[in-house]
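Colleague: Have a look at this one.
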Amino acid sequence: MARYSRTEGTIALITLSNPPVNALGAAVRRTITDIMHRALTDGEVKAVVLCGENGTFCAGADIREFGKPPSGPALVPLIHDMEASEKPVVAAIEGVALGGGLEIALGCHYRIAHAKARLGFPEVMLGLIPGAGGSQRLPRLIGIPAALELITTGRLVSAQEALKLGIVDQVVDGNTIETAVKFALNVIGVCRPLLSRRLSERTPAFSVDAAAVLEEGMARVKQRARGAFAPVVCVQALRAAATLPYSRGMETEEQLINMLIDSSQARALQYCFFAQRNARKWSLPSGARWNNSKPRAVHRVGVVGLGTMGRGITVSLVKAGISVVAVEMEEKQMDLGMRAVLGMLERDAQRRGDTRPPTHLLTFTLSLQQLGNVDLVIEAVFEDMALKKRLFTELCNVCKPSTLLCTNTSGLDVDALAVVTHRRSLVVGMHFFAPANVMKLLEVVCGPHSSAEAVATAMTLGKRLGKVGVVVGNCPGFVGNRMMKLYLDQAYFLLEEGAAPEQVDQVLEEFGFTMGIFKVSDLSGLDVGWRVRKASGLIGPDVNPKTPSRWRQGCRYSPLPDLLCEQGHLGQKSGRGWYLYETPGGKEPKPDPAMHRFLQEYRSRYGLTPRHVHAHEVIERCTYAMANEGFRILEEGIAARAEDIDVIYVFGYGWPRHRGGPMFHAAQVGLATVLQRLEHYHQLHPDVPHLQPSPLLQRLVEAGSPPVHHWREHVQHLHSHL
Ligand SMILES: CC(C)(COP(=O)(O)OP(=O)(O)OC[C@H]1O[C@@H](n2cnc3c(N)ncnc32)[C@H](O)[C@@H]1OP(=O)(O)O)[C@@H](O)C(=O)NCCC(=O)NCCSC(=O)/C=C/CCCCCCCCCCCCC(=O)O
């Protein structure tokens with residue numbers, strides 16, 4: 001938990017020891033409090049060095065303890081005693097000093113950091129503020145503007161930046177603990193009393209400027225927070241630091257953290273923290289798992305198709321230091337793609353202050369033959385099954401037998417592609433999200449033939465690219481797009497019933513979505529879904545002409561997006577979609593009076609009486625329809641855990657992190673309520689079978705609505721699932 005030793009005769013060395021990240025669980029706090037007391041009262045000890053085991057100082061509070069009844073000593077008195085001591089206390093920071101870990105370091109009189117260390121207050125990402133004096137000490141050390149930026153964003157800084165800001169006193173390349181011990185020996189008796197080193201004794205300069213900075217900060221945070229409380233509360237804590245004496249600031253900090261600690265948002269954000277990490281722990285029905293499956297080495301990757309997705313994937317790979325052979329079929333496309341990729345890499349290098357983008361890793365070619373010695377291919381051609389099948393057949397002939405063949409399809413049958421190859425076990429889906437060099441999510445789609453090695457390789461490659469990989473099963477749309485379809489359906493139906501696109505979007509954005517669904521649709525292009533609906537036979541020559549326009553495959557269907565596509569209203573690219581844009585390619589959506597007229601005419605053509613659609617109905621129908629499909633996905637084993645579904649929505653679809661994800665949100669609302677509301681909406685819309693509560697949801701409610709982590713126990717036939 002924490003070890004005590006003596007070095008150089010007079011120095012007490014306290015080593016935090018709680019693998020893997022030395023989190024400050026109750027037992028650690030107890031031990032460190034006891035041994036710090038021993039060091040501070042031992043007459044032979046003249047200075048203390050505080051460090052962490054295994055190259056990590058401390059990642060802060062043990063997040064697993066939040067939400068549980070408090071136990072063990074608090075951090076604040078320990079930090080006060082340390083800071084008040086007349087013996088110099090030096091923090092030797094290796095690895096990370098985060099949250100409570102940095103708060104302890106700020107209570108030390110000196111801080112020495114290793115060159116590779118990172119420091120910061122990520123509490124805001126957990127729905128909290130730095131609650132053990134961090135919000136009061138940091139601004140006293142580095143000033144209000146810098147502290148405001150770090151605390152409200154949770155951004156971590158490198159040791160070098162920490163030195164520039166004044167958070168640490170020295171950065172070392174060599175042995176941090178030895179340097180800290182030498183440093184401690186040197187400062188014994190030098191700075192007496194240690195008054196100037198005690199941050200609580202300092203007054204942050206509260207100038208008119210600081211007042212303006214706080215005001216601007218509050219406005220910025222409110223605009224970006226999308227309904228999240230913690231960033232706003234961070235600004236309130238900093239205002240206290242700037243305007244109140246330290247002791248009163250600490251009282252305010254305590255009140256503020258107590259307000260947040262049990263909030264539903266903090267729960268959701270902490271759930272997301274672990275969900276993201278658990279997503280890495282995949283398993284297959286064969287018993288193969290993340291920790292018993294060896295990935296293949298990937299040095300060289302082929303990317304086929306240099307459209308929007310292929311370009312983003314290529315940039316991601318090159319940025320991760322991986323050689324790429326990028327193949328296009330047509331010269332003009334190749335040229336456009338090449339210029340776009342080089343431009344993106346150039347801009348990225350400029351942003352990072354690098355003069356040279358890593359273009360030496362790139363080969364552009366019109367010939368598939370050049371893929372002979374790549375370790376893995378990512379196919380990113382058009383969403384056309386026949387084209388993809390032809391390509392996979394050819395790739396089999398061109399690539400070496402051990403090459404993994406991955407498809408970036410956003411919803412087509414991965415298994416249908418595997419069966420045209422002679423290496424079914426080496427075929428998996430790697431579904432990136434646009435723009436692929438920015439978006440974090442990667443769905444790794446595992447077909448019935450995909451080997452553990454192929455899944456492990458795709459997941460490991462995803463991690464190298466900085467993606468959050470989630471293993472999912474193979475079904476139309478996989479997890480993300482399968483649920484998205486029902487979300488979109490509900491949004492179209494709401495328009496039919498009386499809502500306007502901007503009204504639906506506003507409600508969704510107030511809920512916290514990055515962008516309303518109609519803005520998203522305009523951004524990605526309405527033709528994307530149009531093509532999918534054509535391919536799946538919902539529209540086109542195969543539809544019996546006698547089928548009513550608002551009826552397909554036995555259920556209610558909205559032809560609204562098809563009608564817009566027929567008129568050439570494809571979204572941003574055509575200057576008109578659900579919204580109006582100033583020019584084709586314009587980015588600023590404006591409500592479109594022509595759209596309102598179009599909706600009126602549409603409703604009267606089909607005898608639909610418009611009504612006022614309440615905000616709560618928009619949220620309930622969109623989010624509960626998604627969660628209901630999520631329960632079906634769990635039952636079918638397409639996702640292994642509800643957490644995986646939530647990770648997909650948070651990282652790929654702009655779902656507000658502070659609401660956890662659609663499944664966690666359903667749990668927070670209460671499964672019985674969700675069930676009852678779905679029953680209500682299904683009664684009103686019996687022609688929408690997807691609103692009928694799923695059997696798993698019903699069983700969970702009958703079982704007393706267990707917490708999310710226990711849902712899997714209620715899935716039937718688990719042996720056949722992910
Ligand atoms: C950068 C990381 C540290 C490491 O990243 P990486 O190397 O990629 O590894 P990971 O896979 O992320 O993590 C490895 C495993 O470690 C687990 N982990 C990581 N951090 C924690 C943690 N802080 N607590 C518990 N577990 C943690 C992680 O889940 C992995 O596990 P597994 O292998 O998957 O099983 C990165 O992990 C990271 O960024 N971590 C989070 C850092 C963070 O957010 N820190 C801030 C925490 S909040 C805080 O410190 C607040 C402190 C003030 C006290 C607040 C007062 C109220 C509290 C009341 C309740 C408790 C009583 C306290 C009493 C008092 O003091 O007042």
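Using the three backbone atoms N, Cα and C, a Cβ is placed for every residue, glycine included.
This is the feature table in TrEMBL:
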type: DOMAIN; residues: 301-474; note: domain '3-hydroxyacyl-CoA dehydrogenase NAD binding'
type: DOMAIN; residues: 477-581; note: domain '3-hydroxyacyl-CoA dehydrogenase C-terminal'
type: DOMAIN; residues: 618-705; note: domain '3-hydroxyacyl-CoA dehydrogenase C-terminal'
Colleague: Based on DSSP, tally up the residues of the domain '3-hydroxyacyl-CoA dehydrogenase C-terminal' (477-581) by helix, strand and coil.
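Modeller: Its residues fall into 57 helix, 7 strand, 41 coil.
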Colleague: Looking only at the domain '3-hydroxyacyl-CoA dehydrogenase C-terminal' (477-581), what is the mean pLDDT?
Modeller: 95
Colleague: Mind checking how the domain '3-hydroxyacyl-CoA dehydrogenase C-terminal' (618-705) divides into helix, strand and coil residues in DSSP?
Modeller: 66 helix, 0 strand, 22 coil
